[in-house]
């Protein structure tokens, strides 16, 4: 009986120890499982922050584009490269760059208009030369078709003498009537001389007088 009682006491102690161990084990949190299942999610950016960031990036791109545009203008416009003594060695401001660009564009427009006028004048000259060329070709062809017709024609020397005599007579009257003291007086004298000396009857008398003079020299 004593041995039976001792075994029963030991068995009771072991049972109590197992029950206490199981209870303690169940009360302790399973940190390994929870660590494996727990994932800390990153803080998501709010919609307002996203819009603010997108606006900042767009604004920076706009500023960069404007800066590049002003740099391109300074490189293209020649007057922006010239040193302006009024501002010294300081960097050109945007206002000055724009003003110099406007001035340069206006200058280019004037030059373009001037060149267009010169081209128009040259085209008229070309047209006149073509007309003269056609007329002279017709005269040459007529002389070639009628070789005997040119025998009785006046020589170029006689023609030159007649032209020279007419021009000398007109120049003498012009020189005697014109005053060059001022532009206003010159203009008034020119108009007066044209009205008096360039009348058909006056020119006719001059030409007849020159022809008589040349004829007397030839014969």
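From the backbone N, Cα and C atoms, a Cβ is placed for every residue, glycine too.
TrEMBL annotations: computationally assigned, not manually curated.
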Per TrEMBL, the range holding coiled coil, considering 77-104, 105-132: 105-132
Number of helical, extended and coil residues in the domain 'BHLH' (50-108), per DSSP: 46 helix, 0 strand, 13 coil
Across the domain 'BHLH' (50-108), average pLDDT on the 0 to 100 scale: 84
